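Straight out of Swiss-Prot:
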type     : residues                                                 : note
BINDING  : K45, T46, N128, K165, V193, G220, G248, G249, G270, T271 : FMN binding site
BINDING  : K45, N69, S70, M71, G72, L73, N128, N194, S195           : substrate binding site
ACT_SITE : C131                                                     : active site, nucleophile
Amino acid sequence: MVSTATKIATFAFDNCLMNAAGVYCMTKEELLAIEASEAGSFVTKTGTLAPRQGNPEPRYADTALGSINSMGLPNHGYQYYLDIVTEMQKDQASKHHFLSVVGMSAEETETILKAIQASDYQGLVELNLSCPNVPGKPQLAYDFEATDQLLKKIFSYYTKPLGIKLPPYFDIVHFDQAAAIFNQYPLAFVNCVNSIGNGLVIDDEQVVIKPKSGFGGIGGDYIKPTALANVHAFYQRLNPSIQIIGTGGVKTGRDAFEHILCGAAMVQIGTALHQEGPAIFKRITKELQDIMAEKGYQTLDDFRGQLQYKP
């Protein structure tokens, strides 16, 4: 029987597919819909110290090749999501989950993580270092010195499993520099990638979203080559103990297969989930299993990271 089961840190998952933070995860009802689907897990909306309304609407638009958004981190506050995942972990039948968080400053991020450290939650945390859509707030993971300083502080007190969501990098030297920093810390995973920041989509003569004069994060088909490159570059450079979650441009089993071939242990779905709903996990899982069966692969480990190069 072909299996799409996988593992991140000490946590086992029946399926390698899940949602991406920001999609189908704002409310408890949405999270329960992902929980009830074929997805192996869910990640919550990125929770901030206080609830946020986010940017003015319209702030999301589908396009022929994906999507553009400038949501601005709307969420119910980290405590809302922490309560949900803490309650769900009491159920033996529950899946393991990811709690996504970030502060609007380094100090706020530490406040949140210290609260999680002191809580009963034992699951995975995804620290979002890469939101491109908050006006006046840069993507922290592009500042290597600041990222290093923040991780150094965090791991001086935080002992639970923690990973980071990264923006896309485009320069080989940046992969080298980032990996050198990440390898210094006991990260459970890195997630490659968040949307490509500050794209522009135009309808006739006008931008399609309102915030930031129409500038927003690009997702979907547009970003798959960039996402695959980031997954594989970090797979080549990171300590084996740091797993990789692949995110970007996944709407078929073939897309998921390519992420895993590049080194991903799990695969998140964003734009396509927004367009198709939680039933997408059943479809993509079957498509992935069919590809694996056709190639004679029984488990993800049979081909994960085995990308072939031209001789």
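Glycine is no exception: its Cβ is also placed from the backbone N, Cα and C atoms.
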Just to confirm: which same-chain residues, 6+ apart in sequence, have a Cβ under 8 Å from the Cβ of G270 (FMN binding site)?
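Residues satisfying the criterion: N19, A20, G22, V23, S67, S195, G219, G220, T247, G248, V250.
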Excluding near sequence neighbours, so keeping only residues 6 or more apart in the same chain, what lies with its CB under 8 A of S70 (substrate binding site)?
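Listed in sequence order: N55, R59, Y60, N133, I209, K210, P211, K212, F215, G216, G217.
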Report, as a single number, how many Cβ atoms besides its own are within 10 Å of the Cβ of C131 (active site, nucleophile).
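Other Cβ atoms within 10 Å of C131 (active site, nucleophile): 24.
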Of all the Cα pairs drawn from K45, N69, S70, M71, G72, L73, N128, N194, S195, the residues the record ties to substrate, which distance is largest, in Å?
16
Using a 10 Å cut-off on CB atoms, tell me which of the binding-site residues K45, G72, S195, G248 is the least crowded.
G72
Tally every other Cβ atom lying within 10 Å of the Cβ atom of N128 (FMN binding site).
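I count 27 other Cβ atoms within 10 Å of it.
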Listing them in sequence order, which of the binding-site residues K45, N128, V193 have their Cα within 10 Å of that of G72 (substrate binding site)?
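Taking K45, N128, V193 one by one, none has a Cα falling within 10 Å of G72 (substrate binding site).
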In whole Å, how far is the residue listed as 'active site, nucleophile' from K45 (FMN binding site) when you measure between their Cα atoms?
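One finds 12 Å between the Cα atoms of these residues.
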Based on DSSP, name the secondary structure state of K45 (FMN binding site): helix, strand or coil.
coil
By the DSSP assignment reduced to helix, strand and coil, which category contains N128 (FMN binding site)?
strand
Three-state secondary structure of G72 (substrate binding site) from DSSP?
coil
In angstrom units, rounded to an integer, how far apart are the Cα atoms of V193 (FMN binding site) and C131 (active site, nucleophile)?
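Here the two Cα atoms are 10 Å apart.
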